[in-house]
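So that you can see what the record holds, here are the features copied from TrEMBL:
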TRANSMEM  B:7-31  transmembrane segment
DOMAIN    B:70-277  domain 'ABC transmembrane type-1'
TRANSMEM  B:73-96  transmembrane segment
TRANSMEM  B:108-130  transmembrane segment
TRANSMEM  B:150-178  transmembrane segment
TRANSMEM  B:204-225  transmembrane segment
TRANSMEM  B:258-278  transmembrane segment
Amino acid sequence: MRPPMRSLSILLTSALAVTLAACSSGSDDSTDEATGGAASCAPASGNVELTYTTWIPGIEDVVKLWNDKNPNIQVKVQTGPNGNGGTYANFFNQLKAGNAPDLGHIEYDALPSFRVQDGLTNLASCSEVTAAKDQFVDWTWGQVTFGEENSVYGIPQDTGPMALFYRKDLFEKNNIPVPTTWEEYAAAAEKVKTAGGYITNFSQSDISQFAGLSWQAGGRWFSNDGSKWTVNFQDDNTKKVADYWQDLISKKLVSSVPPWTTEWDNAYNKGNAWTWVSAVWGANSIMSGAPDTSGKWAVAPMPQWTAGGTSAGNWGGSSTAVFKSSKHPYEAAKFALWLNTSEEALTALNKAAQLYPATKAGATLPALTEGVEFYGGQKIYEVFATASTQVAADFAWGPTMTDTYASASDGFKAVVSGTGTLNDALKTAQEKTVATLKSQSIPVAE
Amino acid sequence: MKGKKGPLLFFIAPFGLLFAAFYLAPIGYAIKQSLYKIERQGTFGKAQEVFGGLEQYTRVFSDGPFWESIGRVLLFGIVQVPVMLGVALALALLLDSGLVKGKAFFRLAFFVPYAVPGVVAAIMWGFLYSPNLSPFTALTGNVDLLSADFVLWSMANVVTWIYVGYNMLIIYSSLLAIPQEVYEAARMDGAGALRTAWAIKIPLVMPAIVLTTVFSIIGTLQLLAEPAVFRTFSSAVTSTYTPNLTVYSTSSIPNFNLAAAFSVVLALATCLLSFGFLKLTQRGADK
């Protein structure tokens, strides 16, 4: 091959990196409406077709219920990987390219990111939406309104109130009392270690669990006074949680298998990890990840920081949001309300994907008041229903959570590999988050 | 002359159009994006893209983790590329030597890993490395192949496994192109198989080796699939482990302008290294 040809092929291949970042095409002027003002919410005159992107397994059957009854408003479902697994990146690209779907599945922690990118329709002018406020668990409404008047950026869908999953058989066999406080939990951890197990697996790369633990303890990571953001992963309550888990990690009382891997499933299936402080949807994760342990688990309220306390954290939970580019916010909102408040939809969602509804009435769905065989017939959802009422309403997420999670997770990973402490990692994550906000010209207090 | 331009245009136009649409335009767009920045008012203020000059580039050049990751892939390349190409060359020479029976079978067998999608290969190797899942517990129980000390080389092993056959094939086809007369002449001069390989074959396939080296340098700097997959398995792989992973993480914030600037710098660095290597080898050839 002659040199000139070679140079050409190098040129061709070497700039692959450039094309990677350039997949989105520009139509930056698609969003000329000022933020803050709610979009008009008028019904369309003719038939409407909506597109809806989500990663709920089995969603097609649920949407079919709607499509059969609403010939004028047909919803087309697109499914993808979970949010941080790729769907959010797709949404951001679609928003930039001006071809986002009408409706999208967005977790509470990602809502601010989409709002700050000017991607969401404010549904506050849809009277049906504002009228539905009281149907939802209070804190979920705070998540979709950002605690502001005249703003609704999504319809709450499901929640993740947290509790303690524990191996009832192993605790009983080894005479370990079920911990009700974090102090007792640490004491139990020592006994579990003696018995040859780990009390739990510390989630090194999924920071949302740590966020849920901090939420319970009273940590507040972000606040927003309208003119600027405050980022604080160093308040006393968050520090308390970080020090607590650092202690368990240093004493090697917890394992640190990467979460959401087969290896992690294996740790629970083989009985290496005895408890998991997790959200309501965790019930399903254990069932699918640790099938050999059927009948051996039970659920207790989350351990408390003070004896007799009654506060719970939340891990996960989603909303259905209407993207700014949607031409039919009225119909989109109508569908989202049906999906997330009607008994038929909530029952179907729970059946298809074990979603735990964000509505107050949802807690009394037949499926959520029955005993669950995998958990020895315990009515586990009652524990979560109580927890749901104990979640503080004023926890806010930041506008670049993908980046915050990545930075914190980089640090946490180093900790379980033996470098630094959780507090150091949080401090670095805070600095990086502030830098990221600045690079996006988002006003932030130093 | 006039009559010739029509057909020429006809044959070049399809390539030219596609090349412009899918190559030049995206590059131009990325460069443009990298020169802009976001401005906004208030905490949820509407974002406005304004010309920012080289602001994104100052960020890129002061980004410690990014340059650390460039250093990391360079280290990776310095070790992995020679090992991989050495093995590829050895395999190609073996196939060409006539010592091996079932040539067609081995040629295919060496090449098969390349047919496995990179992500699938990475997941498969991830399982093999995982301490509790690996069938080779005797090894993984004692050495954590996914720890900070080893994970880079564990990935090098995956990359080598995938691309050895591919590079072998390029070198092998270049070996097949050597005219038989040359071998005859060598035999007349009394050269054995080893001597022929060393003095005839290797020098004659040097252009193919140079080409595969350049491809490998490019591939190394753009490592993405393996670290992205290993991130879920290993606590040592961060969100900025390789330059391309940084680009990916930045664009999913989303900060498209900064991601574009990272990409442009990475592409320039890749060009520089590839052309640098070519210049170096060509100067050697001129002597």
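Placed from the backbone N, Cα and C atoms, the Cβ positions cover glycine too.
In TrEMBL, annotation is done automatically, which means it is predicted and not curated.
Comparison of B:7-31, B:73-96, B:108-130, B:204-225, B:258-278 by number of C-beta pairs under 8 angstroms to the transmembrane segment (B:150-178) places B:73-96 first. If you look at the transmembrane segment (B:7-31) against the transmembrane segment (B:258-278), you find at least three C-beta pairs under 8 angstroms, all six or more positions apart, and that counts as contact. Residues of the same chain lying 6 or more positions beyond the ends of the transmembrane segment (B:73-96) and with a Cβ under 8 Å from any Cβ of it are 103, 106-107, 110, 152-153, 155-156, 159-160, 163-165, 167-169, 171-172, 175-176, 197, 201-202, 205, 209, 212-213, 216-217, 220-221, 223, 242-243. With a cut-off of 8 Å between Cβ atoms, the residues of this chain six or more beyond the transmembrane segment (B:258-278) that come close are 30-31, 33-34, 56-57, 59-61, 66, 70, 210, 213-214, 217-218, 221-222, 243-244, 246-247, 250-251.
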